[in-house]
Amino acid sequence: MFTVFGRSSFGYGLGWALILCFAAYPLLVSNRFLARLQPADWFFAVLALYSAYYLSTNIDEYKTRAMRPSPEELVMGLALMLLVLEATRRTVGWVLPAIAAAFLVYCYARTGWLIPDVFEHRGFTLNRIVGQNFLTLEGIFTTPLDVAATFIILFTIYGAVLDRGGAGRFFIEWAFALFGKNPSPSAPGRAVVASGFLLGTVSGSGVATTVTVSTLAWPMLKRSGYDPQVAGGMLSAAGIGATLSPPTLGAAAFIIAEFLDVDYLQILIYATIPTVLYYVSCWLMTEADSRRLGVVPVRTSDASVWELTKRGGYHFISLAAIAVFLVMGFTSFMAVYWSIVVAFVLSMVREDSRLVTREAFAIGCLAALGAWLFGISGMPQSLGLQELFNDRISVASFWGMAAAVAASGLQSWRATRAGRPVPPGGTGMIDALLDGTRSTLGIVAVCACAGIIVSVVNLTGLGLTISGIIISAGGSNVFLILLMAALAMWVLGLSVPVTASYIIAAVMLVPALVKVGVPPAAAHMFMFYYAVLADVSPPTALAPFAASAITGGEPFRTTMQAWKYTLPAFIVPFMFCLTPDGAQLLMLVPAGTNAAGAVVYAMPATFGAWMSVLWVTLAACVALVGFCVAFAGYGLARATAAERVLCLAAGCLLLVPNGYSQAAGLAALAIGLGAHWRRVGRTGGPLPAG
């Protein structure tokens, strides 16, 4: 309902999103959806609808004249900006709206004494600021909101459909069963990491994945002897990787695709190896901790992997469908749409995973067949879907699903009215649509609010100013500039959501990285990676706080444990930014230079190129081994200071994809681990946990 495919319906998309925000997040937090809404909520909703209506009905005029708002447009623009700030406050808290308000004040400021000289500008009138935000595509209606209104909501619904269809629960049970046959001290940690990865491919939300995995895994970890803080750190580290995991990455991934002007499949390719390295890092840290803590062996599950696979293996098909459709050349929108269709159909395999009733599914099949036979190949103008659903098969499938959902909802309503139990799958698809829509409300509000910040950056040239400051301070030293950018992302991510912090970084920090030779794709992925890792960074970290609420651990200590588990992973983004060869971790192989002398990158297309990518990836994995021993202080037994220093040095040397550096790193790691192995064998220390 808030999909935007044309300029004429753009305002309506945001308007309906704001209305739902005010209804779902009332002024009084004790309220529930549409229950005891306050007069202010109704006023905000009506004002949002009128602002959207005003913008949409006058859009053609804005295309042909200067963007100077009339008095009426000034009032409507101010109203829309205030509504966006209020909706953002309700959905994600006050910090991001406060930052946006500070940017607006900075943009309006005209006297030099209000701001440092280096950031001084001539100031802009209220008319210009409102016009930039309300009447152009360089403010509220900039790229992030466009992406949120088209792609993100559909991908969120896709994840909700998989979850309501039982995929999330199946993946966790399957991961637990994978390590449950032979009890060992390492099995619980391995099961947590594997379940975090598998559930993350469905969820795309780090905090939600953390909560789900924690609820199911904490009893097992407690039996094994894990401390609540350590367990919470492990669970949040495994869960936060969901935002990095293909195919349903976090919302920022779609915005990266727009900024880089590539399709979503390319972003999935960029994210593949870094995701593997992230979970390899988490796995190595859990292995070290299982030995250090001396936890007892427990069975993670009594179920058989084979039996679980026979019962619910079709969920892997639902998950892989989106990648298959993208590889086949489908657009991102149609790939996820057909993936939803696949998940919808496969949900009927089992009674406990159905999204609609059997009778409703049959009605939907008949409706789809009828739509196809009668040659219905278009969509109603009011839905705004004409440009996307333009063939008979996709239109027929759409109406078939719509008929099935409507019939199932009606059947459930009639059963409830008659006092009978709701049939299996009665409201499954409806619940999935509601889950996906509600999850998207905060993202839409955040993207609109971030658009206000982007408008200020564009008007004042603040992005160029900050890029110049960073380059001057870093002295064109790529490592130092990357370090400053990472610290800036950490500060920004303390209270700002991942999507918003990435958008701000994309317009203010990425240009500095590109200027010093970092490939644009690597620069954007660096910022995205650190925006995600901010969720497990002290002092404020949502995922560890959520995990501590379940394990009963102390929140700050849980956060520090989560940071320890992910610390080696913090180094991975430096690997693909420091040198041209490091970009191979994003599957970008140096392919020569252009006329300006800049390195040109291409996807690996030869056997030698693929072997080069494999070598760099293996070197990164070995580097993570060194970092994990150094940071955990434990390998086969407690590591000495000298062994930790050697492993840390080895990791740093392997960080740079250079032949001499890697040879030195491998030598240092061999010496460090060799000395560790000999000492443990000589003293009869702890054996591997198995």
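Glycine too: its Cβ is placed from the backbone N, Cα and C atoms.
Curation plays no part in TrEMBL annotations; they are all automatic predictions.
Residues or ranges marked as transmembrane segment in TrEMBL: 12-30 (among others).
Taken from TrEMBL, the feature transmembrane segment applies to 42-59 (among others).
Among the features that TrEMBL reports, domain 'TRAP C4-dicarboxylate transport system permease DctM subunit' is placed at 81-572.
Taken from TrEMBL, the feature transmembrane segment applies to 191-218 (among others).
Look at TrEMBL and you will find 230-255 (among others) tagged as transmembrane segment.
Taken from TrEMBL, the feature transmembrane segment applies to 267-285 (among others). Tertiary neighbourhood of the transmembrane segment (267-285): same-chain residues 189-190, 193, 196-197, 234, 237-238, 241, 244-247, 249, 253-254, 256-257, 260, 323, 326, 521, 525, 529, 564-566, 568-569, 572-573, 576, 585-588, 603, 613, 617, 620-621, 624-625, 627-628, 631-632, selected by CB-CB distance under 8 Å and a gap of 6+ residues from either end.
Per TrEMBL, the feature transmembrane segment maps to 316-340 (among others). Sequence-distant neighbours of the transmembrane segment (316-340) (same chain, 6+ residues past either end, Cβ-Cβ under 8 Å): 150-151, 154-155, 157-158, 161-162, 165, 167, 201-202, 246-248, 254, 257, 263-265, 268, 346, 388, 394, 397.
The transmembrane segment annotation in TrEMBL covers 360-381 (among others).
TrEMBL lists 393-413 (among others) with the feature transmembrane segment.
What TrEMBL records for 441-462 (among others) is transmembrane segment. Proximity of distant same-chain residues to the transmembrane segment (441-462), defined by a Cβ-Cβ separation under 8 Å and at least 6 residues beyond the stretch ends, is recorded for 2, 14, 17-18, 20-21, 24-25, 81, 84-85, 87-88, 90-92, 96-97, 99-100, 103-104, 106-107, 119, 121, 124, 128-129, 132-133, 138-142, 144-145, 147-149, 152-153, 156, 251, 255, 497, 499-500, 503-504, 507-508.
Annotation source TrEMBL lists transmembrane segment at 469-492 (among others). The list of residues near the transmembrane segment (469-492) in space but at least 6 beyond its ends in sequence, with Cβ under 8 angstroms from a Cβ of it, reads 118, 501, 504-505, 509, 512-513, 515-518, 526-527, 530-531, 534, 537, 570, 573-574, 577-578.
Residues or ranges marked as transmembrane segment by TrEMBL: 498-516 (among others). Within its own chain, the transmembrane segment (498-516) is flanked in space by residues 92, 96, 144, 206, 243, 250-252, 255-256, 259, 443, 446-447, 449-450, 453-454, 457-458, 462-464, 466-468, 470-471, 474, 476, 478, 481-482, 485, 488-489, 492, 522-524, 526-528, 531-532, 534-535, 577, which lie at least six positions past its ends and keep a Cβ under 8 Å from the stretch.
Residues 206-207, 210-211, 214-215, 218, 228-229, 231-233, 235-237, 239-240, 243-244, 250, 252-253, 256, 274, 485-486, 489-490, 492-495, 498-499, 501-502, 505, 556, 558-563, 565-566, 569-570, 572-573 of the same chain lie 6 or more positions beyond the ends of the transmembrane segment (528-550) yet place their CB under 8 Å from a CB of it. TrEMBL lists 528-550 (among others) with the feature transmembrane segment.
A contact between the transmembrane segment (230-255) and the transmembrane segment (191-218) is present, since 3 or more of their C-beta pairs, 6 or more residues apart, lie under 8 Å.
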